[in-house]
Ligand SMILES: *Cc1c(COP(=O)(O)O)cnc(C)c1O
């Protein structure tokens, strides 16, 4: 098919994320992707500044991941996981347990499903059905996951009638990460991580947990970075406090590491900033290096023992192809100097985004690990911003008040400079 035909049939049949059919916003045909670049139908090459939604950390079309997929497909693409097992799944589970200290692993088919499973674990464990979370979060698009997404930014206005009511503590302050000099006076500025946590916020968080402790099944949060809920970075002390409160009241702590896992924030997991271990953890997105959908929900042996029979079991559970690629992706991660790479990306983003700090229409510029954010005063015009950044050879997908990037770790400082320049150029359109 030529690109025109793809677009014609796309308009006729295909739903894209959060759009109508036909989509009111432009879509672009991708012919191939290799390294950190995607090639469009018209031959244009764009740096994938989104790592295809946080996932393609090693870049696209990686020879090692391709080989893992080929080797596995020659053995088997899939077998059911009920009553059968195989090396790719077991090896991956063993690997994830070693990385997290959480010994029991449920392999799920997407991040949202991993969150559903985490919630089921907490409900089966405690016999309770109320969760506590903080505002500003995002945990996925399925119903239980939606119920703990931010009730204003999320989809509660559409589906509220079907969502259980949970407890929402206030959103954590934006008080972590690094900001280029000259950013908003309302936020800490300067190149170093700011000082202590907000004591008033800690008190609010504590009060919220204490007020509901006797009916909570679990506390569920994204550690340190709230992703799709607003790209907010918050002090690890809040997470540490939640850990302490959970222990004190015998409540489980669920860490949704689907966006933050595997090095994105500069630590292997968001929880590592706080030096804590959750009782239940969800991972996904970068787990397969962006190759295919796979996620996992991990918990301690203590939690698993008390649950006993966990009532979930997807058709494609433990898919061998996805597990083999995930195993290869974790091998690559272990081999690559990701800590230095992420630190280099962080430095390049701080440099590159500095000109946006204080620009008209810009509320805040912030960077943490391989995440760079320009927050705007007004909601952005997505198509207009995309047009500008694509003119700079970069692919981004802004939303709400955010123009942001989380590039593949394989990006060079020059690639990151290019992405940053495109983001800064886009602020001219605000
Ligand atoms: C993306 C995301 C999810 C949902 O994962 P899907 O694979 O899109 O279902 C859940 N939690 C967080 C923190 C995420 O970033």
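Including glycine, each Cβ sits where the backbone N, Cα and C put it.
Automatic prediction, not curation, is the source of TrEMBL annotations.
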Legend entry - Residues flagged as region 'Disordered' in TrEMBL, choosing from 121-146, 147-172, 173-198, 199-224: 173-198
Inset, instruction - Kindly point out which candidate in 15, 53 is recorded by TrEMBL as part of the substrate site with 138, 285, 313, 397. - result: 53
Legend entry - Of the candidates 256, 272, 364, the one that TrEMBL places in the pyridoxal 5'-phosphate site of 111, 112, 314, 315: 256
Inset, instruction - Let me know the DSSP-derived helix, strand or coil state of residue 256 (pyridoxal 5'-phosphate binding site), please. - result: strand
Inset, instruction - Would you mind sorting out which binding-site residues among 111, 256, 314 put a C-beta under 6 angstroms from ligand 1? - result: 111, 256
Inset, instruction - Counting Cβ neighbours within 10 Å across all chains shown, tell me which of the binding-site residues 53, 138 comes out on top. - result: 138
Legend entry - Whole-number Å value for how far residue 111 (pyridoxal 5'-phosphate binding site) lies from residue 313 (substrate binding site) (Cα to Cα): 15
